[in-house]
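Undergrad: Next up is a structure, given as structure tokens.
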Ligand code: PMP
């Protein structure tokens with residue numbers, strides 16, 4: 001029977017993989033309400049606690065008064081405003097790269113960059129744990145597409161040896177479901193030997209990593225010769241929405257000419273760009289946010305390992321607890337919710353089979369007492385679901 005959607009949905013339910021959207025009935029924050037229930041949340045990507053910052057909200061309102069509500073058109077028609085332009089310049093200064101192109105989302109930034117740079121006859125090599133948008137872009141590009149083992153330079157080198165045409169090596173900076181960092185110095189060295197380019201999607205590193213918050217390339221001290229294409233998103237640590245691609249003058253001109261997800265979409269509302277300029281200012285002026293976050297990460301890791309929980313190799317605000325079985329991950333998440341804590345269970349196909357996890361994320365808006373409340377709730381939930389322990 002064609003379009004048998006009910007069987008498809010039933011199968012997903014039976015496999016404990018059915019996805020549901022919690023309804024947020026408060027502003028985005030760490031203390032939220034979901035369907036009217038007050039909860040302490042550990043699942044947003046608002047790592048610096050800026051998504052509901054009063055000064056950024058005020059900047060957005062001012063942006064609306066000044067620039068109106070909508071982008072109105074694509075960038076190439078008449079949607080590219082002075083607000084977008086100023087943000088591009090500020091992001092170029094932050095990343096230390098000649099030029100930046102603002103995109104409406106990280107998903108389309110990845111789609112745009114990869115499909116504009118490689119096509120038939122070329123090769124795209126990706127870490128097997130890369131974000132879905134990168135993998136989708138690789139498929140869409142028409143290039144030969146191969147995935148190397150996670151962060152494994154030998155596995156990349158094998159593929160580089162067989163690569164044809166222009167070759168693009170693509171990796172997440174911080175892996176979104178694991179929290180670990182790409183081994184960029186080694187990956188870049190391997191790519192350079194074969195004249196391949198490297199593209200890094202640092203959606204989860206921007207704002208959090210590096211001395212000034214410029215992300216993983218700043219942390220490793222890598223330049224334009226190492227990472228030719230750098231993607232950052234604005235909906236995570238920066239607290240607003242959208243994304244950008246940073247690189248050489250020629251790269252950005254090429255994307256403006258050839259990146260279809262840039263050319264054929266309405267520009268981001270200019271007020272969002274205006275608000276993001278304020279986020280950048282706060283990133284510069286309030287380095288305490290990153291310092292506080294580092295203390296929270298250390299506190300959570302110490303407490304979770306004392307409870308015998310299986311942490312992953314992460315020093316970032318993404319601190320997943322590996323559970324394995326999808327049903328168990330759901331039970332643990334439900335147990336936490338009964339105690340007023342919201343942590344999302346992440347299951348296949350988002351993560352590999354048998355590696356369901358609770359994706360705990362920390363934010364500078366959390367207090368140390370919030371971390372202690374999470375640890376206590378984990379301990380209580382585990383005491384009646386002991387088989388979940390690692
Ligand atoms: N890259 C990574 C690594 C991500 O985690 C995400 C979003 N979760 C994206 C890209 C997409 O970014 P956006 O939400 O701005 O579309």
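Counting starts with 1 at the first residue shown.
Note: Cβ is positioned from N, Cα and C throughout, glycine not excepted.
Unlike curated records, TrEMBL annotations are generated automatically.
Pulled the feature table from TrEMBL, pasting it below:
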BINDING   19, 131, 350  substrate binding site
DOMAIN    39-378  domain 'Aminotransferase class I/classII large'
BINDING   106, 107, 176, 204, 233  pyridoxal 5'-phosphate binding site
MOD_RES   236  N6-(pyridoxal phosphate)lysine
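Have a look at these and tell me how they're positioned relative to everything else.
TA: Residue 131 (substrate binding site) falls within neither a helix nor a strand when secondary structure is assigned with DSSP, and so counts as coil. Contacts of residue 131 (substrate binding site) defined by a Cβ separation under 8 A and a same-chain sequence distance of 6+ are given as 106, 110, 172, 176, 201, 203, in order along the sequence.
Non-local neighbourhood of residue 204 (pyridoxal 5'-phosphate binding site): 45, 47, 172, 173, 174, 175, 176, 179, 236, 237, 316, 317, 318, each in the same chain, at least six residues away, with C-beta under 8 Å from its C-beta.
Cβ neighbour count for residue 236 (N6-(pyridoxal phosphate)lysine) (all protein chains, 10 Å cutoff from its Cβ): 29.
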Undergrad: Which of these recorded positions (19, 236, 350) have a C-beta closer than 6 Å to some atom of ligand 1?
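TA: Checking each Cβ against ligand 1, none of them comes under 6 Å.
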Undergrad: For the C-alpha pair, I'd like the distance in angstrom between residue 350 (substrate binding site) and residue 233 (pyridoxal 5'-phosphate binding site), rounded off.
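TA: The separation of the Cα atoms works out to 19 Å.
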Undergrad: For the pyridoxal 5'-phosphate site (106, 107, 176, 204, 233), what does the 8 A shell look like? I mean other same-chain residues with CB within 8 A of the CB centroid.
TA: 45, 110, 131, 133, 201, 203, 231, 235, 236, 243
Undergrad: At the Cα level, what's the spacing in Å between residue 107 (pyridoxal 5'-phosphate binding site) and residue 19 (substrate binding site), rounded?
TA: 20
Undergrad: Take the C-alpha atoms of residue 233 (pyridoxal 5'-phosphate binding site) and residue 19 (substrate binding site) and report the distance between them in angstrom, rounded.
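TA: Cα of residue 233 (pyridoxal 5'-phosphate binding site) to Cα of residue 19 (substrate binding site) measures 24 Å after rounding.
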Undergrad: How far apart, in angstrom, are the most distant Cα atoms among the pyridoxal 5'-phosphate-binding residues 106, 107, 176, 204, 233?
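TA: It comes out at 13 Å between the most distant Cα atoms.
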